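Features reported for this protein in TrEMBL:
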{"type": "BINDING", "residues": "LEU7, GLY8, TYR9, GLY10, THR11, VAL12, GLY13, SER14", "note": "NADP(+) binding site"}
{"type": "DOMAIN", "residues": "8-125", "note": "domain 'Aspartate/homoserine dehydrogenase NAD-binding'"}
{"type": "BINDING", "residues": "LYS101", "note": "NADPH binding site"}
{"type": "DOMAIN", "residues": "133-311", "note": "domain 'Homoserine dehydrogenase catalytic'"}
{"type": "BINDING", "residues": "GLU186", "note": "L-homoserine binding site"}
{"type": "ACT_SITE", "residues": "LYS201", "note": "active site, proton donor"}
Amino acid sequence: MKSIALLGYGTVGSGVYEIIEKNLEDIKNKYNIDLKLNLILVSNLKKYSSHNEFNLFTNSIDVIKNASPDIVIEVMGGLHPAYEYVKYFLEHSKHVITANKDLIAEYGEELMNIAKHNNVSLMFEASVGGGIPILKPLKECLGGNNIESIAAIINGTTNFILSKMYDENMGYFEALKLAQDAGFAESDPTSDVEGLDASRKISILSSLAYSKKIDWKKIKTIGITDINLNDITNAKSKKHKIKLLAISKQNDGDVYLSVRPVFVHRSSSIGKIDNEFNGVVIDGDSVGNLMFYGKGAGKYPTASSIFGDLIAIMQNQVDNSNIKLSSDFNFIKNFPLKSKWVLRIDTNFPDETTSQILDEFSNLPITIDKSGDNKSLYITVSEFTEDELLEKIENLKNISVKVTKYFLIYE
């Protein structure tokens, strides 16, 4: 029998416990494995005094260290003390499963090396897609492919907010409040709405897909806090939606990553991912285009992924030795492909300036739309890399034209 210790008993931790209580016998019979949850680490022991298995709870990490469990499941969240605890158990030859994206994005390579050195497993399927199985297919099933690109909606909070703005004409703050009331957004939503959560997740995905050491802090990250209903209306007029998209591409030693609001066609696979749902689209040179879709967060979806990792460990299906990350690549900050873009421009300029704007994009396809409140112009231009577009934006500044926002049209 393998013993398990659970570090944390919040939303995800309680979900893991409930799955064990509900499905343990079925899991034993189906997979011929024998396991037992022995200890649960919590910060406030009194809070669980009425729990029917209160004897499992402890507020001392030393109690768990002394018990020497075979497998540790970390669902505390945050960097510290999660990092110190995970490192300790790996160094003491214990398998570790974590749902902690912050931990893996910051210390993943170090911890994987420690696991390899001690011949144990570090598993983190739940750190990226919640209930969506994506890391195992990426590492194993798609191992014969050169992964060329990833496009992902991997933050349910922002997708819910943008969906409500699009479907129900809600303003940003109204949609955010609804997300908080529904439990899809934290009281401090900064990590979600500023794109930081998605940046950490796409760095993990890309590191494994490309075998590159991706620093999430280098990723161009733009949140959704300045998206307004005029932007949504303009997207609708083009049969598009606005989505916070994590984009990753590699080609000939160049790697590009970003997290940003983009225009996507409403009938595209990404355009159909709404509300709190997540989706990951992967392009491989052999398999072509694949999409993984489902609930990207929540109590039971995340706990489900953790259990998948647990079963893999119990069946000895894990090999950390094949994960090697290279630093030998060129990191590209701005979108490198010639693409279509939408520029939002403040209309506070003389009428004659419009002709100067047209001159700046002379001999190029261009459309101009005015917002319903006449406060903004939306100019759609095509066949620019992001660097080329930024040069045009600088030129517009010279004629006192202020570009307040620009969007990639992702196709």
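Residue 1 is the first one shown; counting continues down the chain.
Cβ from N, Cα, C; glycine included.
Structure coloured by features recorded in TrEMBL.
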{"residue": "LEU7", "record": "NADP(+) binding site", "Cβ contacts under 8 Å, 6 or more apart": "GLY13, LEU41, ILE61, ILE64, VAL72, ILE73, GLU74, VAL75, MET76, ALA82, TYR85"}
{"residue": "GLY8", "record": "NADP(+) binding site", "Cβ contacts under 8 Å, 6 or more apart": "LEU41, VAL42, GLU74, VAL75, MET76, GLY77"}
{"residue": "TYR9", "record": "NADP(+) binding site", "Cβ contacts under 8 Å, 6 or more apart": "TYR17, ILE40, LEU41, VAL42, TYR48, PHE57, VAL75"}
{"residue": "GLY10", "record": "NADP(+) binding site", "Cβ contacts under 8 Å, 6 or more apart": "VAL75, MET76, GLY77"}
{"residue": "THR11", "record": "NADP(+) binding site", "Cβ contacts under 8 Å, 6 or more apart": "GLY298, LYS299"}
{"residue": "VAL12", "record": "NADP(+) binding site", "Cβ contacts under 8 Å, 6 or more apart": "VAL75, ALA99, ALA126, LYS299, THR302, ALA303, ILE306"}
{"residue": "LYS101", "record": "NADPH binding site", "Cβ contacts under 8 Å, 6 or more apart": "SER127, VAL128, ASP197, ARG200, LYS201, ILE204"}
{"residue": "GLU186", "record": "L-homoserine binding site", "Cβ contacts under 8 Å, 6 or more apart": "THR157, GLN180, ASP192"}
Determine the Cβ neighbour count for SER14 (NADP(+) binding site): the number of other Cβ atoms within 10 Å of its Cβ.
16
State the count of C-beta atoms found within 10 angstroms of the C-beta of GLY13 (NADP(+) binding site), not counting that atom itself.
25
If the NADP(+) site is taken as the center of the Cβ atoms of LEU7, GLY8, TYR9, GLY10, THR11, VAL12, GLY13, SER14, which further residues of that chain fall within 8 Å of it by their Cβ?
LEU6, GLY15, VAL16, TYR17, VAL75, MET76
Could you give me three numbers for the domain 'Aspartate/homoserine dehydrogenase NAD-binding' (8-125), the DSSP helix, strand and coil residue counts?
62 helix, 19 strand, 37 coil
Tell me, by DSSP, whether LEU7 (NADP(+) binding site) is helix, strand or coil?
strand
All-chain count of other Cβ atoms within 10 Å of LYS201 (active site, proton donor):
27
